[in-house]
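For reference, the structure discussed in these notes is given below.
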Amino acid sequence: MYLVFTTNHFPWLTIIVVLPIFWGSLIFFFPHKGNRVIRWYTICICILELLLTTYAFCYHFQLDDPLIQLVEDYKWINFFDFHWRLGIDGLSIGPILLTGFITTLATLAAWPVTRDSRLFHFLMLAMYSGQIGLFSSQDLLLFFLMWELELIPIYLLVSMWGGKKRLYSATKFILYTAGGSVFLLLGVLGIGLYGSTELRLNLEILANQSYPVALEIILYIGFFIAFAVKLPIIPLHTWLPDTHGEAHYSTCMLLAGILLKMGAYGLVRINMELFPHAHSIFSPWLMMVGAMQIIYAASTSLGQRNLKKRIAYSSVSHMGFILIGISSITDIGLNGALLQIISHGFIGAALFFLAGTTYDRIRLVYLDEMGGIAIPMPKIFTMFSSFAMASLALPGMSGFVAELIVFFGLITSPKYLLMTKLLITFGMAIGMILTPIYLLSMLRQIFYGYKIFNVSNSYFFDSGPRELFLSISIFLPVLGIGMYPDFVLSLSVEKVEVILSNSFYR
């Protein structure tokens, strides 16, 4: 293996992708007992990475240019022409910045983890590299490798630092996602080998290539299954509540904030860009699945006793809006879906963090055993209520704007008949009624009433400065996007227009 440089500028993206896992591997040279040193070291790496990313994007990325920028193309394995090919555009810049932000806060949330903390923090940093590598890869095989790099850290984080049923849920996670990866690999090989004996995996070239419709449909289904497991789309979602229910809350932040978004990103980046004909054939079905998912997951969430499982089902429900946005095939709808990716990344991560810190204090998992926590813990109560409101799409917060734009995308879509639009809108409306029901009943069960006061010598600490800082850091972007959504939309507008005009408006 050797690298041949074909780029003419500083390799920003390679440094951003490699830095966390490289510096993270040095953690193992630290003394075994130096928990504090390891924590600070990890957080410094995350902050450095976030600053580097922000600097590179601010000074070297043109927002009005829809083409791939900061391209790096190094020959990696000469034997079958495998390239280390990175580049970013309007689609990937949002998720990359979200990854940096949420991972930095998740390492701060992992402060109480003291058992095997070197391995724990290394796995967090390895995930960081994998996620940024996935969002910036411009080669299909590299995309697949980064997709796989994600699985082992999550498996270990759940199976070593999880709850009582952690081995069951970690095994379930790996079976589902590895099963999806098989379809992803088959799809990658199918595209790469089509029409030639040599592998052609450059995403930019593949996006301009046309395929027979039958082949396009087969490839579309293969990729769709892989992304449907990750997103997750019903009925492939059952690994998610189990994994969320058992994982440590800092792992949950990464799962809800970033991992689910990889599936949505793949749907847009590969299924929409590479197979437009198949996408327009399947989009009415996707639309129906999205509407069913919103209702099904919201009503299932209402029946969950376990706090983290309830929030996990609410995540599944919110992913339905992304599906509807992607399948509306309008630039309003697709922008709404991309905004929902960012918005839910913040809100989901915050809800899991607050659920975890609440559990650290009262050591109860089931909602019907809780009650009356609001009086001893007013700060946690305030933050929890605020994020629950953001999740149920209260106007002025990011969830509301994202769902509203998706709704407008559906209404203005020229592809669907009025009757279809009315039915899907009706489904979304039922979901929007069920969401406040399960979130407000969750708040009522945790914070109101007198139940916990009857426990003898019950004295609970309210959230400390670290937790307060973390909650406010996530709450500010949620408010900011809700007040001024152009802040995020301006990143993707040009790229979305190009995707649709190249493929769907021809």
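Glycine too: its Cβ is placed from the backbone N, Cα and C atoms.
For reference, TrEMBL has these:
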TRANSMEM  12-31  transmembrane segment
TRANSMEM  38-62  transmembrane segment
TRANSMEM  82-111  transmembrane segment
TRANSMEM  118-135  transmembrane segment
DOMAIN    137-421  domain 'NADH:quinone oxidoreductase/Mrp antiporter transmembrane'
TRANSMEM  141-161  transmembrane segment
TRANSMEM  173-197  transmembrane segment
TRANSMEM  252-270  transmembrane segment
TRANSMEM  282-299  transmembrane segment
TRANSMEM  311-329  transmembrane segment
TRANSMEM  341-359  transmembrane segment
TRANSMEM  380-411  transmembrane segment
TRANSMEM  468-485  transmembrane segment
Do the transmembrane segment (252-270) and the transmembrane segment (82-111) share at least 3 Cβ pairs closer than 8 Å, excluding pairs fewer than 6 residues apart in sequence? yes
Go through the chain and flag residues at least 6 beyond the ends of the transmembrane segment (141-161) whose CB is under 8 A from any CB in it; none is fine as an answer. 82-86, 113, 115-116, 119-120, 123-124, 126-127, 129-131, 133-134, 167, 169-171, 173-174, 177-178, 181, 184-185, 188, 192, 199, 201, 203, 226, 243, 246-248, 251, 254-255, 259, 262, 266, 270
Using a Cβ-Cβ cut-off of under 8 Å, list the residues of the same chain that are 6+ residues beyond the ends of the transmembrane segment (173-197) and lie near it. 140-141, 143-144, 147-148, 151, 154-155, 158, 206, 211, 215, 218-219, 222-223, 225-230, 236, 238-239, 242-243, 270, 274
Honestly, do the transmembrane segment (82-111) and the transmembrane segment (341-359) touch, with at least three Cβ pairs under 8 Å and pairs 6 or more apart in sequence? yes
Out of 12-31, 311-329, 380-411, which stretch has the largest tally of CB pairs under 8 angstroms to the transmembrane segment (468-485)? 380-411
At a C-beta cut-off of under 8 Å, are there same-chain residues at least 6 beyond the transmembrane segment (282-299) that contact it? List them, or none. 217, 220, 224, 233-234, 237, 313-314, 316-317, 319-324, 326-329, 410, 415-416, 420, 423-424, 427-428, 430-431, 434-435, 438
